[in-house]
Ligand code: NAD
Ligand code: LMR
């Protein structure tokens, strides 16, 4: 029997991530090849004509799974009945801008969209915030949508996770699909800590630790970390635009694994509400290693954290606490 369609909201759908993301959703990349979807696309009035153009292209592409498209500049219409909300809309960082420069613009957007989601989304709607500063926007959304369970509000660090997998695969000349269990700790910013201490590679003679195969601690604690931390800025420098296809693909990975589950023995990184695990202050949206089952994420517990890692975990937590304070100062 055919499944009922799932309603997926994409805010900022006329932007460049939106343009890469909506066809992926309509093709079943996010929710599976047998899951019909209805797309709700929100943007602001100056982008209304472009948004309508995206709707026309979705119709023209004749996606078999796509059972309807709403293209609107009305947040209430966009949020009504949605089961999944991917919050991409916002003010992007441009070359030379610090992420904090865009804070005040984005916190007011996330405050008002939190209310629309809280009042009009389907019960148990899963929310993924992509727009930067992603962790703090998600925190603002959580604060202003108190009836949405905090476990349902997350932010995207899967792109950073995938970047780390990509760097290891290039270094070792192995398939990216054979590398697993890297971790992104903390903020989706240049203080994030890409950690390979528990990562492995599937080889013809079994699973081997990444650290052993790389055998170059200086790279793992130096160039590897900075490359992943700075990858977003490097892409902005090269494209004069922030990453879009990789962000869209990683957003699909995030929701797919959250809804359909992570493979046995594999974890992924998600920005989630901290419960104090690994001595990360509670009350921040912080990226942790998680496994997902039956539509729920769970922080992987019991991983050893060495002294080098501890400092990195604390540094990115400090930045998030500062961002939280800054966000609150923008609200008053
Ligand atoms: P973009 O400027 O191309 O698109 C943003 C869209 O949002 C525009 O169409 C704009 O009109 C719309 N918008 C602005 N205010 C809005 C509002 N109040 N409601 C609805 N829509 C609104 O930007 P982009 O390149 O698509 O990037 C989007 C965001 O994602 C940026 O904040 C960027 O920094 C962030 N980003 C995050 C990650 C991540 O891994 N978390 C990766 C890449 C980019
Ligand atoms: C990315 O990681 O590609 C983006 O978040 C870049 C940015 O800072 O906008």
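Keep in mind that glycine also has a Cβ here, set from the backbone N, Cα and C atoms.
Database features (TrEMBL):
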type     : residues                                           : note
ACT_SITE : 188                                                : active site, proton acceptor
BINDING  : 12, 13, 14, 15, 16, 17, 18, 43, 106, 130, 131, 132 : NAD(+) binding site
BINDING  : 93, 99, 132, 163                                   : substrate binding site
DOMAIN   : 6-153                                              : domain 'Lactate/malate dehydrogenase N-terminal'
DOMAIN   : 157-325                                            : domain 'Lactate/malate dehydrogenase C-terminal'
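Projection of TrEMBL feature records onto the structure.
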residue	record	CB count, 10 Å
12	NAD(+) binding site	25
14	NAD(+) binding site	25
16	NAD(+) binding site	18
18	NAD(+) binding site	25
106	NAD(+) binding site	24
131	NAD(+) binding site	25
132	substrate binding site	23
163	substrate binding site	24
188	active site, proton acceptor	29
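DSSP assignment over the domain 'Lactate/malate dehydrogenase N-terminal' (6-153) gives 68 helix, 28 strand, 52 coil.
Of all the binding-site residues in the record (12, 14, 16, 18, 106), the one with the smallest CA separation from residue 132 (substrate binding site) is 106. Proximity of the binding-site residues 12, 16, 106, 132 to ligand 2, judged by a Cβ distance under 6 angstroms to any of its atoms, singles out 132 in sequence order.
Looking at the domain 'Lactate/malate dehydrogenase N-terminal' (6-153) alone, the prediction's average pLDDT is 94.
For the recorded site, residue 188 (active site, proton acceptor), the DSSP three-state label reads coil.
Take 12, 13, 14, 15, 16, 17, 18, 43, 106, 130, 131, 132, the residues named in the record as contacts for NAD(+): the widest Cα to Cα gap among them comes to 17 Å. Here residue 131 (NAD(+) binding site) is positioned 10 angstrom away from residue 188 (active site, proton acceptor), judged by their C-alpha atoms. In this structure the alpha carbons, written CA, of residue 14 (NAD(+) binding site) and residue 163 (substrate binding site) are 25 Å apart.
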